[in-house]
Amino acid sequence: MAMAKARKPREALLWALSDLEENDFKKLKFYLRDMTLSEGQPPLARGELEGLIPVDLAELLISKYGEKEAVKVVLKGLKVMNLLELVDQLSHICLHDYREVYREHVRCLEEWQEAGVNGRYNQVLLVAKPSSESPESLACPFPEQELESVTVEALFDSGEKPSLAPSLVVLQGSAGTGKTTLARKMVLDWATGTLYPGRFDYVFYVSCKEVVLLLESKLEQLLFWCCGDNQAPVTEILRQPERLLFILDGFDELQRPFEEKLKKRGLSPKESLLHLLIRRHTLPTCSLLITTRPLALRNLEPLLKQARHVHILGFSEEERARYFSSYFTDEKQADRAFDIVQKNDILYKACQVPGICWVVCSWLQGQMERGKVVLETPRNSTDIFMAYVSTFLPPDDDGGCSELSRHRVLRSLCSLAAEGIQHQRFLFEEAELRKHNLDGPRLAAFLSSNDYQLGLAIKKFYSFRHISFQDFFHAMSYLVKEDQSRLGKESRREVQRLLEVKEQEGNDEMTLTMQFLLDISKKDSFSNLELKFCFRISPCLAQDLKHFKEQMESMKHNRTWDLEFSLYEAKIKNLVKGIQMNNVSFKIKHSNEKKSQSQNLFSVKSSLSHGPKEEQKCPSVHGQKEGKDNIAGTQKEASTGKGRGTEETPKNTYI
């Protein structure tokens, strides 16, 4: 039997040893005596090796180290002897076997199982968009051409031109649209053989915010991290880079919009490692999928050569209903919660965003379990977050002196969030939580934890359940971290920095922190804040917030501000009444996803501006309905705009 026919590592090992000439076999045993064979294992003694024939040596190595490690041991010796042809043949067997080892590793990832990624999954809507040709075009990323829905299976397809198959895909979407869940689901589906069968030998998931934990800024270390194995056969994995797919999840968490304004001016070595991949300087023939929020596109675009752009739009109406059924284990609770949401246009529309849908479900479940009647009517995503936070903050005791008193915990969460964003940090050690007087395990509604292997040690790190919670508490920090009599010098400086960076970055949408703070600064939000979080906003502080609101609204209306919708035909009249849009055309495209054939999916990109002061126009988006042109447009002066929601990672549901 030739080695190429070997089906198992033990068979390949035996044939590799048997192929050695007598003198080479003696040399291999000599090198094995002095070699550090496996972590924690002593070298083989001369007496153990003396007189052994190939089959005996194979049995000895397998009994001491197991099949896979035994192959690695022999490979080390053969490399020292420079028997590269035999190394190549044996490596191929090792690689083929390691694919299955890695697939099993992915299938068993505990944190993904807990997040429900491998269980009930709700589909999200994806549409293809062209790559942006210039930074200015980012404000109007849907040029005048047909936008088509795209499936995950077809992300790297070229249609009828195989030579033009994209090797780099940018998946962009607002916070909470389901990018992380989709990215992880792709890796799991590949591992189970249902996605890209035969196309990729390895699909690696890289969380951009976790790259900081790499021990070294080397590609080898990144692969060890992805495989969860410091002995992974890196050389063999990289032998055919065109059969590798790296999913870089959360580019916006690697490089935040305010990065250059803070203490961090240059790229860290670990960021540079990912930049080399993105620029195609490292492994230029591998495939890449990069997920990001729109804000980071201005930083990402200069790194790209040719990329396919895909936009994630969140849930369809059917998926919204399915999500409630999967989230609530009690059918009556699910029906009651969905009924509440359906009767509230703001909640129903917000639940198109999977992350906000999770927040709404968690909030409603918390209210029901406490026996409370839901009387609130949230007006925007900020109100939804306030309702969630006020529900899950620990209650004040009668004396107001509890270590977990409501206001103390709120202030601590705010200070942790602000410190993290100001220093470009999204992972926190337990010592950092203690510094802010936070007890991580008792605040699972806001903080999640994971254990990471750092060298020989295992360390626990915390993060906010989603970056949107960190943004929310960052916005709240301007109200609670000082003496509360005024916004405070430090807070005023930070707010001014927000405004300055916003002005310098031109047409970018506002950050989520700014959106939260703008909503909070509205006068009718003050009483809601005071009631929910047990602190009073002084007249001076209210005046400071009013000034910020005026500045922010002025800046917003002096620029083209992108607003993305996924609409259904029945919602058009409400949309036109709710906001005025400039140079907008609607693309109507029949969707088989709808329950009724009379309803059709709308994908809209609009440009909001301040009439005559508008500096940039977005071209119309044209489409067809069953072969006939059906274009509706309006050219009225823009007057309002709303930010977008957030993404969340639950304990055992979709997000």
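Positions of Cβ are set from backbone N, Cα and C atoms, glycine also.
Since the structure is predicted, the reported quantities are computational estimates derived from the model, not experimental observations.
Annotated features in Swiss-Prot:
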BINDING   Gly173, Ser174, Ala175, Gly176, Thr177, Gly178, Lys179, Thr180  ATP binding site
COMPBIAS  597-609  compositional bias 'Polar residues'
COMPBIAS  611-629  compositional bias 'Basic and acidic residues'
COMPBIAS  644-655  compositional bias 'Basic and acidic residues'
DOMAIN    1-96  domain 'Pyrin'
DOMAIN    167-484  domain 'NACHT'
REGION    597-655  region 'Disordered'
DSSP-wise, what's the residue breakdown of the domain 'Pyrin' (1-96) into helix, strand and coil?
69 helix, 0 strand, 27 coil
Counting across all protein chains shown, how many other Cβ atoms sit within 10 Å of the Cβ of Ala175 (ATP binding site)?
26
Any idea which of the binding-site residues Thr177, Thr180 has the thinnest Cβ neighbourhood at 10 Å?
Thr180
Any idea what DSSP makes of Gly178 (ATP binding site), helix, strand or coil?
coil
Determine the mean pLDDT over the domain 'NACHT' (167-484), rounding to the nearest whole number.
88
